[in-house]
Amino acid sequence: MSFFEATILGLVQGLAEFIPVSSSGHLILAREFFSLASFEDLAVDAVLQLATALAVLLYFRRDVLSLLRTFFRWIGRKPVSDTDSKMLLAIIIGTIPTVVFGLLLENYMETVFRNASLVALALLAGSALMMFAEKRFNSSAVKEISAKMGFFVGLFQSLALIPGVSRSGATISGGLLNGLSRVEAARFSFLLSLPIILGSGIKKLLELNIGGSLSDIGLPLLLGAVVAFVSGFWAIKFLINYLKTRTLNVFIIYRIVLAVLIFILL
């Protein structure tokens, strides 16, 4: 893998992981132009995912520290903030569906799902979901996060196991359908993503012969990780600010146009 390829893949992962256009779908499309060995696929996926997880940790560091304090206070059976307690419980419960479906569909995710035509269909399906959520969104009926809401949004997150759906697009849509504001839906989406992104990245690293494998593409991969981290941090900041005053419509249009182009060109 060249430095140029690593930069492109890092940029795609960082931006598309958080902007609701599907990082996995865009990575599959990017790889249509590159010839990466199968072990490189796994190594690149793992390292770039961990880099984007670091971006979430940095941007939401205060939230993460607060949730960690709440977790340890739970263990110590000490009083906790009701808001933090609800958020932590929602994240834990919301992670379960994706873990279960991820383990059940693992073989398909590495074979059948890595298909450009399926990505195009998933882009359209995800767009329909986002359109429906925007249409049903009621800004005058904003609610607080709950455990039930966490599970519901977690089910939406499991849809993103199919490349092209978009994890952030699906979970933000789930949040909107449950009465969260756009900004709060995005915030919960990113915090909910942490266990999955970290877990997936670590799992893939453990499946590698880390000593020999990563060294073969070490410097380009390091560059890709830095690019993914920086672009991911920027993407989070951009989307949070964007959704303060705007809808998801521009991303819906982009996804539909991209899907049509895929059907035409591939």
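Placed from the backbone N, Cα and C atoms, the Cβ positions cover glycine too.
Note that TrEMBL annotation is computational and uncurated.
Feature list (source: TrEMBL):
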type     : residues : note
TRANSMEM : 87-105   : transmembrane segment
TRANSMEM : 111-133  : transmembrane segment
TRANSMEM : 145-165  : transmembrane segment
TRANSMEM : 185-206  : transmembrane segment
TRANSMEM : 218-236  : transmembrane segment
TRANSMEM : 248-265  : transmembrane segment
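Within the same chain, the transmembrane segment (185-206) stays apart from the transmembrane segment (111-133): fewer than three Cβ pairs sit under 8 Å, each pair at least 6 residues apart. In summary, the transmembrane segment (111-133) lies against the transmembrane segment (248-265): three or more C-beta pairs, each 6 or more positions apart in sequence, are under 8 Å. Here the transmembrane segment (218-236) has Cβ contacts under 8 Å with residues 1-3, 5-7, 9-11, 13-15, 17-19, 43-44, 47-48, 50-52, 54-56, 58-59, 190 of the same chain, all six or more residues outside its ends.
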